[in-house]
Every structure is written in structure tokens, then in C-alpha cells.
Amino acid sequence: MLPRDRDGRILLKGVPRPQLLAWAGARGLRPGQADALWAALYRKLRSDFAVMPELDRAVRDGLAAETRLDVLRLEAVKQAADGTSKLVFQTDDGAAIESVLIPGPERATLCVSSQIGCAMNCQFCLTATMGLARNLSAAEIVDQLVLARRHFPDVWISNVVFMGMGEPLHNLDQVLPAIACMVDDQGLGLSQRRVTVSTSGLVPQIRRLVAESPAQLAVSVNATTDEIRDAIMPVNRKYPLADLFAALRELPLARRARVTLEYVLLAGVNDSLEDAERLAELVHGLPCKLNLIPWNPHPGSEFRRPEPERVAAFKAHLQARRLNTSIRTTRGDDTMAACGQLGRAPAEAPRRTRRPHGLPVIAS
Ligand code: SAH
């Protein structure tokens, strides 16, 4: 049984190839026609049964009557001065979801959303202020890549990161089949090493992701003491740092595989050299890459981005501890497309200042 949309039409997107081929076979499609359907969806990126010359007329007409191709509509593409593009999609129920295309010299990365809003309530993130509206379906997750490829035919989108709106590990039942579609070598063809799922630290779901999917793992660490992490990331009250790192150390990672650890730098909160040293101790012996993200501002937030010298000193301290450390340069800032800026148009951003609970006073 494949999922259906609100009008009862069968959703073809977001169903991994073995299931889609089995479904097509049960409907009487010859194997060659079932393969052609898969290729039409994910290689040719077709949006209309009327233009699917690879399918027999009768098959095409039968599918057109009962099934659904695209589930998203590309509403707007906003290009930032640095080449980053924010793609705004419309869903069936009238919600807007966002992906960000980040072109680079060696790769082009699409940052996709997994939920509308988010339930994790991280204090420094704009998406959190929306709360969770709903999970995205596997079809809606895959369509972000399909429609981006279609809109940018000259860009080879080689990488996908689940770092847009939402907590992907809070929606694994839809994220896992979406990843299976993305890495299928007869379709969208992403390398398994180039799909990364980022989580705020849901420990049981981290284990499930690693067991059931070939994707790479990234974890948002963002603090080095439970006191600070409890205050800025409520998920820490359930899965504190010691539990999180114990789980990471026990993961059955492939040889040479590394976990990416993200660390959002918040001035006066988590950016001291003592923090850098505690971070080095936390990750000691864990195969990992550290990715420092100077905080991106959004209206109504009290946090501040540290000065570049402070970011550099934090990085230098970690490198002196022989840790693989990089700084995520801010991209797409002028279109509110940078990390933690997805979710609301700037004009709709909350006026009320959010005062993080229990946070130590931020030095100004
Ligand atoms: N929910 C997932 C993925 C989405 S957020 C997660 O938490 O990992 C992707 C990254 O952006 C996370 O590392 C998050 O900590 C970071 N982030 C959120 N708001 C930010 C902001 N305003 N500036 C910089 N990074 C931010």
C-alpha cells in the first residue's frame, strides 16, 4: 500500500525503489515499464504524465488517473549576494517550506527541511519560535531535491544536509524512505557519504538512524556543560551530555567514518577558551569533525555572535588539541537563509524578546 494524498491519489514520490517496483508489478506493469517509471520520477524529473514518452500510453493513462507526481510547488527562489539560493515551496495544505542551495567549487549542497516548524525549542533558533506544525511526508522531503534539481539543471547537487527546518530524528519514519530515494543509484544518485542528517541529540533515534540508514550523522553539541545545554537546548534535560557522548562512542560506525559535531558559538554563553577545552575533553577519542557555527542573528533574539577573533581563538584551541575543526562561514544571511534563520519572513518574526530560561547573564 502506498500513501495517498488528501484527494485519495496515490503518492509515488518518497517510496523506495523496491517498494515502488513491487507496487507497479502488482498493478500489472512489466518490469521494464516499472523501471521506466522510476527513471521518469528521479532521473528525468518529470512533473507530468503527458510528457513521459518512456511509458506506454495505456500505463501512462492508468497512472495519470490515480496517482500523484509532484507534491510541492516551487513558489519563489531568492538568491543571496553570495550565490546561495533559498527555495520556498508550497505544500498542499498551504504551508511554506524552505530549502537552501549552497553552491561551491567542489560540491553543491542542498539543505532540506524535515518538518514544518520544530518541537525541540532550542533557544537560539528561529524555527523553534514556530513550534511544530507537522511532520513532512517522505514525498515532501524528496520533492525538495527533485524540484531543486529541476530548477537548477546546470548545477549538480551533490550533497544533501538535513539542517533546514525541523528535527529529522523526530520524523524518522518519513526521513528514512526519503533518504533511500535520494541515494538510489538508478535515480537521484547521491553518494551515501554525501547525505548528512543533523540532530539536536535524540539518543535512541541516533541509534536507529545509524542502524537503518547509510546517511552520515551530525550532532548539534552547542554547549560543554549540562547547565548551559539544559538552558539553550531543552532536549539535554532528557539526554544529557554524558548519555549523548556515551551513545556516540558506542555507534557501530564504518571504518574511517566520522561524526560531525556542530557547535553554534554564542557570545558570552559558550565561546570561552574553557569551553573549547571542555569540548576537546568531551570528544577525546571519538572519530569526529568539529564544525563551529558563529551564531546567525534573527530579530527578537537576545543572543549575539562572537567577534571573529574569539571564533578564531576557539578554533585555534581545538586545533592545538589536534581536532579536525572548521568554521562554517555564514551563507545566505541577507535572505535569512543561514543556519537557524529558516521559518518565518523577517517581518513576521516575533516582537517579544525571548529570554532564555535560566541562562547565565550574557555579558554585553
Ligand atoms: N534539528 C537539527 C537540524 C536543524 S538546525 C539539529 O538541531 O541539528 C542545523 C544547525 O543550525 C544546528 O546545528 C543548529 O544548532 C544550528 N543553528 C540553529 N539556529 C542557529 C543560528 N541562529 N545560528 C547558527 N546556527 C544555528
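From the backbone N, Cα and C atoms, a Cβ is placed for every residue, glycine too.
As recorded in TrEMBL:
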type	residues	note
ACT_SITE	E98	active site, proton acceptor
ACT_SITE	C339	active site, S-methylcysteine intermediate
BINDING	C118, C122, C125	[4Fe-4S] cluster binding site
BINDING	G166, E167, S198, S220, V221, N222, N296	S-adenosyl-L-methionine binding site
DOMAIN	104-333	domain 'Radical SAM core'
REGION	344-364	region 'Disordered'
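Feature map: annotations from TrEMBL on the structure.
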residue	record	contacts (Cβ under 8 Å, 6+ apart)
C118	[4Fe-4S] cluster binding site	C125, T127, A128, M130, G131, L132, M165, G166, E167, H170
S198	S-adenosyl-L-methionine binding site	V161, F162, M163, P168, A218, V219, S220, T260, E262
V221	S-adenosyl-L-methionine binding site	G201, L241, L244, L261, E262, Y263, L279, L282
N222	S-adenosyl-L-methionine binding site	C122, F124, R229, I232, M233, E262, Y263, V264, N270
N296	S-adenosyl-L-methionine binding site	R305, T330, D333, A338, C339, G340, Q341
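Within the same chain, residues at least six positions away from the residue listed as 'active site, proton acceptor' with a Cβ under 8 Å of its Cβ are K86, L87, V88, F89, S113, G164, M165, A337, L342, G343. Sitting within 8 Å of the Cβ centre of C118, C122, C125, and not among those site residues for [4Fe-4S] cluster, are the Cβ atoms of M120, N121, F124, L126, T127, A128, E167, S200, G340. When other Cβ atoms within 10 Å of the Cβ of C125 ([4Fe-4S] cluster binding site) are tallied across all protein chains shown, the result is 27. Scoring each of the recorded positions (C122, C339) by how many neighbouring Cβ atoms lie within 10 Å, the top position goes to C339.
Looking only at the domain 'Radical SAM core' (104-333), the predicted model's pLDDT averages out at 96. When secondary structure is read from DSSP and collapsed to three states, C118 ([4Fe-4S] cluster binding site) falls in the coil class. Less than 6 Å separates the Cβ from ligand 1 in the case of C125, drawn from the recorded positions E98, C125, V221 in sequence order. According to its DSSP assignment, N222 (S-adenosyl-L-methionine binding site) is coil. Among the record's S-adenosyl-L-methionine binders, G166, E167, S198, S220, V221, N222, N296, no two C-alpha atoms are more than 18 Å apart, and one pair sits at exactly that spread.
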